[in-house]
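Asks: One structure follows; several queries about it will come next.
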Amino acid sequence: MTLGAGKRNTVCFVLLERLLARQVLGLPKPQRHFRRGPPNLQIRAPSKGSEDRRQDDTKWRDEAVGDARREERHTRRTVVSWRGAVIEPQPGTELPTRKAEAPPRPSSQAPRIQNQAASPNERQRAVIDAFRHAWAGYRKFAWGHDELKPVSRSFSEWFGLGLTLIDALDTMWILGLKKEFEEARKWVSKKLRFQKDVDVNLFESTIRILGGLLSAYHLSGDDLFLKKAEDFGNRLMPAFRTPSKIPYSDVNIGTGAAHPPRWTSDSTVAEVTSIQLEFRELSRLTGNKKFQEAAEEVTRRVHSLPGKKDGLVPMFINTHSGLFTHMGVFTLGARADSYYEYLLKQWVQGGKKETQLLEDYLEAIEGIRRHLLRRSEPGKLAFVGELAHGRFSAKMDHLVCFLPGTLALGAHHGLPADHMELARALMDTCYQMNRQMETGLSPEIVHFNLYPQNDRKDVQVKPADRHNLLRPETVESLFYLHRLTGDPKYQDWGWEILQSFNTYTRVPSGGYSSISNVQDPLNPQPRDKMESFFLGETLKYLYLLFSDDPSLLSLDAYVFNTEAHPLPIWAPPGGA
């Protein structure tokens, strides 16, 4: 068949586009007959000569950057929290009392938490290599800024507070990267100032900045981080000055002006119920009860609200009335997920004394079983869908893959054994969400097949959902499942995912990039963005997953916030 000139040009353009993307990311040449396993997996950085040749080829890079910028101009700017709290709307996308007594304030110099005593094993060294590669890109092209744009070798700002640097502090400490840690500490000391006219999202800045500073303090014992945390916490407090005590989503840390998003007076349930670990710990350390009281007042009010369904909560809550809105829609994905996570983790943090938190968590897990849990066809994969006004949807966000780890953590702390059984089943599903993609990386959202049909897989992906943002949820749960069961298969699964990140998202000049299409190994389409949570969570959980030392950040001594920042359990078993 002879192609016309127009068709020939189209074919040439597609081939050139794929070649450009492969040149930017340094992708290996694909095998003739592709199978799911990524070909020629790149674990180490490319040799210096080959990397220099790629970097010197500015024509390829500039054209790819131009494509990325053109795409950006045609897309409304959206800030999406890693737990799914959308800060600006994007049309066309799928939406998915009893207080614990805080222990006495510790001495001003907390005991230093030592790094892993044993030398890192081969897989941990691969994580360290990945971190150093990502950090090198951030240090060279985005130092002191919020996020690295690795393809264009530039940066982007969200809050203008060095978000990636603060999010990565405790990861550097855990990985033993003392030189990098000290350089970052110097920046915090000399450059990090919160007296600036900028709006921050209460939830995102709490889990990333406040959580990151508190964790860095606990691990290093350095008072600098606690002082910065207290300063920042004080600047977030105006968000709680609402008629309902349900906080606004945004606050200006320079002026103290707080407000909801421009288009609504609602906050998301995940936003307002996933800040408690951090505010409670800040009160414990500073002796100032106002942080804990404000956060726990939110928990008490949400506990007593009508509109729940067997412990499941709607996604939105109004800051003026204090009531749920958009009733009848229930999900464990974006906008609601970490509500359930923090019910359990607050109970653990407080020494398992706050029975209201435990009761709400247990009721919610039963609600999940009753209303959201299904099995797919033909593979019988257990998954958690969504419910909208009584109608079930077989849609599952990758964000929901936090749940296996949370269930396993609860079972470890004495909750029913069948929670661990469900954790294992859901972990298998989250692994398949990665494994069944041609790149070995999970898309943002999947839909499961509910009915036996010929030639249909369990996992289906819509074109709008094929992107991967370097999210941590799967490897987070793999860490918990391996730590609490000892089954080495979870380490092997995490190793596959790390290799896929290295193959399809690693940018030769430094950093890792989110990609737009996990189903196209020839052209995964780099999005030119490295989220701070890739260093703060994804690589941290991978490093911990590959450790065989259960005393490294023991789950009997620490609880991880929803940004993977470890905070101490107030009264660990056998403790004082």
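Heads up, the Cβ atoms here are built off N, Cα and C, so glycines get one too.
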Asks: If you look at what TrEMBL says, which of Cys12, Cys430 makes a disulfide link with Cys401?
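Replies: Record-based pairing for Cys401: Cys430.
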Asks: If you count other CB atoms within 10 A of each CB, which of Glu204, Asp337, Glu444, Glu473 wins among these active-site residues?
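Replies: When each Cβ's neighbours within 10 Å are tallied, Asp337 leads.
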Asks: When you measure from the Cβ of Thr562 (Ca(2+) binding site), how many other Cβ atoms are you left with inside 10 Å?
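Replies: By my count, 28.
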Asks: Rounded to the nearest Å, what's the C-alpha distance separating Asp337 (active site) and Glu473 (active site)? Just drop the number here, would you?
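Replies: Given the Cα positions, Asp337 (active site) is 11 Å from Glu473 (active site).
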Asks: Any same-chain residues 6+ apart from Cys401 (disulfide bond) with CB under 8 Å of its CB? Would you list them in sequence order, or say none?
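Replies: Looking at Cβ-Cβ distances below 8 Å from Cys401 (disulfide bond), excluding near sequence neighbours, one finds Leu426, Cys430, Met433, Ser442, Glu473, Thr474, Glu476, Ser477.
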Asks: Could you round the CA separation between Glu444 (active site, proton donor) and Thr562 (Ca(2+) binding site) to a whole angstrom and send it over?
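Replies: Roughly 18 Å, rounded to the nearest whole number.
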Asks: State the count of C-beta atoms found within 10 angstroms of the C-beta of Cys430 (disulfide bond), not counting that atom itself.
Replies: 29
